[in-house]
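Visitor: Under the heading domain 'Aspartate/ornithine carbamoyltransferase carbamoyl-P binding', TrEMBL lists 2-146. Summarising the annotation, TrEMBL assigns carbamoyl phosphate binding site to 54, 55, 104, 134, 137, 270, 271. Residues annotated as L-aspartate binding site in TrEMBL: 82, 174, 229. What TrEMBL lists as domain 'Aspartate/ornithine carbamoyltransferase Asp/Orn-binding' is 161-308.
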Ligand code: NCD
């Protein structure tokens, strides 16, 4: 793998490889000394043109735990706010010797442009581009589902036979898009639930079932219910009457949590709007994987950085390096 730009073109074999290497990485994270020497001498640049808390620090922790040097570059307060282009920024990073660039950008396609432009030779990891994709989020979600359902027997397994229902602001969600592609590649059955106004127009070509009623979707007994954040910052129009009405019809509250099978898990990529798409009872219940998703994110990003930067070595070497 040269880059990690999307899950749409990520083949099953590569997806499982990332998840399995992430298992090895996770095993190292319960040790007292969490740091591995694997990427010593490599430089990872975090290039963030959009706000982020967990994704940026997760990539930073992942790179540092592999002993890479990390440079954090956030567009606010940089020359980008003075009008410097993506090309100039990229060429500056190239001149500084970046081996990998983790990029978050408001424009869908910016990571792809960076990877194919010839401006840099570094590997590019998409950390979220516009409403397009957020591949490491989907990988950490798949990892979390696999771990909850298969525990220590997760390695090598896909998600065949599992039903995942994704609820809410699908229209603006790169997390939903990356999950639709990855989860179906791994064999899961995906259902989307949203108000008609928040269902994207091109959804007819997606390998999913669409529903508009959350209670019916819950009655269909999903194994995982993934709640999405209402992305108020990307809404320039009214997509639903009021927040109260939204949470009454599409929010996960205590009663709906009760109606879910006891074995089902509740997911959310964060940041949560508590009381809007998810109630505090649901967010803090033992069935919620919100904090596991955050912890697993570091292992998955360690795996992605390792596979991009440590060259064409196989999983066996990852295990050896981790020892
Ligand atoms: C997501 C994002 O930025 O796309 N958050 C994240 O990476 N943890 C989802 C969101 O902002 O709703």
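Just so you know, glycine gets a Cβ as well, placed from its N, Cα and C.
Bear in mind that TrEMBL entries carry predicted annotations, made automatically and left uncurated.
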Visitor: Here are the binding-site residues: 270, 271. Which has the lowest count of other Cβ atoms within 10 Å?
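Guide: Comparing Cβ neighbour counts within 10 Å for the binding-site residues 270, 271 gives 271.
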Visitor: Looking only at 54, 134, 174, which of these binding-site residues has the biggest number of Cβ atoms within 10 Å around its Cβ?
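Guide: It comes out as 134.
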Visitor: Using a 10 Å radius around each Cβ and counting other Cβ atoms from all shown chains, which of the binding-site residues 104, 229 yields the largest count?
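Guide: Ranked by Cβ atoms within 10 Å, first place goes to 104.
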Visitor: Could you list the residues of the same chain, at least six apart in sequence, whose Cβ is under 8 A from the Cβ of residue 55 (carbamoyl phosphate binding site)?
Guide: 104, 127, 128, 134, 136, 137, 297
Visitor: Go through the binding-site residues 104, 134, 229, 270 and pull out the ones with a Cβ less than 6 angstroms from some atom of ligand 1.
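Guide: Once distances to ligand 1 are taken from each Cβ, 134, 229, 270 fall under 6 Å.
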Visitor: From the DSSP assignment alone, can you count helix, strand and coil residues within the domain 'Aspartate/ornithine carbamoyltransferase carbamoyl-P binding' (2-146)?
Guide: 62 helix, 27 strand, 56 coil
Visitor: If you measure residue 174 (L-aspartate binding site) to residue 54 (carbamoyl phosphate binding site) at Cα, how many Å is it?
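Guide: Rounded to the nearest whole number, the Cα-Cα distance is 15 Å.
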Visitor: Relative to the Cα of residue 229 (L-aspartate binding site), which of the binding-site residues 54, 270, 271 have a Cα no more than 10 Å away?
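Guide: Qualifying among 54, 270, 271: 270, 271.
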